[in-house]
Amino acid sequence: MLVLGIETSCDETGVALYDSSKGLLAHRLYSQVDEHAMYGGVVPEIASRDHLRKLLPLVREVLAAGGVRRTAIGGIAYTAGPGLIGALLVGAAVARSLAWAWSVPAIAVHHMEGHLLAPLLEPEPPEFPFVALLVSGGHTLLVEVRGIGVYQVLGESLDDAAGEAFDKTAKLLGLGYPGGPALARLAEKGRAERFHFPRPMTDRPGLDFSFSGLKTHALNVLAALPGTPQDKADIACAFQAAIVDTLVLKCRRAMRETGLGRLVVAGGVSANQAVRKGLQAMAESERYRVYFPRPEFCTDNGAMIAFAGCWRLRAGQFEPSAIEARARWAMETLTAV
């Protein structure tokens, strides 16, 4: 089955073609970073308008790159949530319109399920069951995964997600947008041992996260200093180390509690090299296997949506023609495949 995937949950427009027998045929991604940089963050109205401007040209480009005629498309998958509601509606409307025009079924895909399944696009994919750490700008989740759609959330962020904490702290340090990658680059020049940042919620049982206090701690440390470039680099390094240590501890705890031996790490923050190294070191010491998507599939993309949608469409799951978009959507409500 050949599926067209559409991703428009935030500020990146992703389109891809996935074939159930041949794999990923083509994918394209348009980032709106330059459009939002002057505002220091994503402006929802601008994001929606830019998706509308770029989506159909990207669809045509992907079809051409994949050497596919529209008559070969067997279904369309689109991100229906969670995300920015205006951006989601653009993708949903285009996907539903194309599905109607081409007389093919369409399936609404959960954005975080797309991230969770992204490592399955790799040459050596993980086998079920596994524990998944989904770590992005909007979410930080630990999930026990027994199959596609068989999810139990073990822990989640009670306030800021890890990626959100990266972006907010980067803004405090006067870094540009997107803040997470900028902070990671600055941290390479810093000394983590100069400042002690707390490891939130690691001194108690449970698998939930809380990262908002790290931003406040960074603000207080910065306020007591001259704010030299080295001061900021050291703060960035200590902040990042606190995030990494917290993620590592919670993942180790989740693996021990579930008794599973495979860990999947996905979402935008999984591209962070310090996060990868910390989790890889933990996995090696504990004799677990850890899986990451390639960097281009860590951030939002159409390939993961096409892949997730293909599994569900092949299982006979699709919705009527109503346009579906949800700003919030619990993973545990998804149907098993």
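Any Cβ shown, glycine's included, is placed from N, Cα and C.
Pulled from Swiss-Prot:
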BINDING   His111, His115, Asp300  Fe cation binding site
BINDING   Leu134, Val135, Ser136, Gly137, Gly138, Asp167, Gly180, Asn272  substrate binding site
Legend entry - Ser136 (substrate binding site): tally of other CB atoms within 10 A of its CB: 24
Legend entry - Residue from His111, His115, Asp300 whose C-alpha is spatially nearest that of Leu134 (substrate binding site), among the binding-site residues: His115
Inset, instruction - Based on Cβ atoms within 10 Å, give me the single least packed residue among the binding-site residues Leu134, Val135. - result: Leu134
Inset, instruction - Could you measure between Gly137 (substrate binding site) and His111 (Fe cation binding site) for me? Cα positions, answer in whole angstrom. - result: 12
Legend entry - Beyond the site residues His111, His115, Asp300: chain residues whose C-beta lies within 8 Å of the centroid, for Fe cation: Glu7, Ser9, Thr79, Met112, Gly114, Ser136, Gly267, Asn301, Met304, Ile305
Legend entry - Cβ neighbours of Asp300 (Fe cation binding site) where a neighbour is any other Cβ within 10 Å: 26
Legend entry - Same-chain residues at least 6 apart in sequence whose Cβ lies under 8 Å from His115 (Fe cation binding site): Leu134, Ser136, Ala266, Gly267, Met304
Legend entry - Cα-to-Cα gap, Val135 (substrate binding site) vs Asp300 (Fe cation binding site), nearest whole Å: 12
